Amino acid sequence: MLKIAVLLSVLACALAGTIPDGLLPQLDGRIVGGYETSIDAHPYQVSLQRFGSHFCGGSIYSHDIVITAAHCLQSVDAKDLKIRVGSTYWRSGGSVHSVRSFRNHEGYNARTMVNDIAIVRIESDLSFRSSIRAVRIADHNPREGATAVVSGWGTTESGGSTIPDHLLAVDLEIVDVSRCRSGEFGYGKKIKDTMLCAYAPNKDACQGDSGGPLVSGDRLVGVVSWGYGCGDVRYPGVYADVAHFHEWIERTAREV
């Protein structure tokens, strides 16, 4: 396990002013209550890295495009970014690629976390194989209760200071936006129409999983965005709603 307490502290301090109404964005991703998996089961999964350390996840959209969260790329230069693909382990294996450019959604708001999505263009084209594949993006939301899987190298407990070397995944259920903002859970009006929720008791994404994929029916339906703690029964994980951004993703992938 890699000790990253200092890194997490720096990130928390740097972004303290952007936390919406006391809620903690899932910076750097985490999987709580999950299981070890392999990149062959999630070949679209990538690790975003700076200075040799994993800090966010992402999803392969095409041979040279990755989808991630806008909050992952605040105050970041493209020249400092690397993306590891095709490996179950964020520290080794697969291949590492430089980043040519990226674009955050122009409507991203760090206080409310709306439009928390970004497009990254890799410097060189990826060679697809069993461990490196693009994922199709959703053009409509999955039904309430549909099974979904989120994967990543995030911490395994809320506030954790270590991240696993091995890729983890957890199975969740989709929660309709109207239900997610209802009194059943604790978010209320903080849940916006650009967001999607997913939930299972004591299971969740966590710090370090940010930007990573939520997949249902072999489609990318969500991008790990934020939440209150990790695995809290009152607070589902909150994701950028990929179907809502379908046209933006297609357009920006051509332009970035």
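Note: Cβ is positioned from N, Cα and C throughout, glycine not excepted.
Per Swiss-Prot, the features are as follows:
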{"type": "ACT_SITE", "residues": "H71", "note": "active site, charge relay system"}
{"type": "ACT_SITE", "residues": "D116", "note": "active site, charge relay system"}
{"type": "ACT_SITE", "residues": "S210", "note": "active site, charge relay system"}
{"type": "DISULFID", "residues": "C56-C72", "note": "disulfide bond"}
{"type": "DISULFID", "residues": "C180-C197", "note": "disulfide bond"}
{"type": "DISULFID", "residues": "C206-C230", "note": "disulfide bond"}
{"type": "DOMAIN", "residues": "31-254", "note": "domain 'Peptidase S1'"}
{"type": "SIGNAL", "residues": "1-22", "note": "signal peptide"}
{"type": "SITE", "residues": "D204", "note": "site 'Required for specificity'"}
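When the neighbouring Cβ atoms lying within 10 Å are counted for each of the disulfide-bonded residues (C180, C230), the highest count belongs to C230. In this structure, C197 is the one among the disulfide-bonded residues C56, C72, C197 with the smallest number of other Cβ atoms inside 10 Å of its Cβ.
Under the three-state DSSP scheme, C180 (disulfide bond) falls in the helix class. If you measure from the Cα atom of C56 (disulfide bond) to that of C197 (disulfide bond), you get 19 Å.
The recorded positions shown are C180, S210, C230; of these, the one with its CA atom nearest the CA of C72 (disulfide bond) is S210. Within the model, the domain 'Peptidase S1' (31-254) shows a mean pLDDT value of 93, rounded to a whole number.
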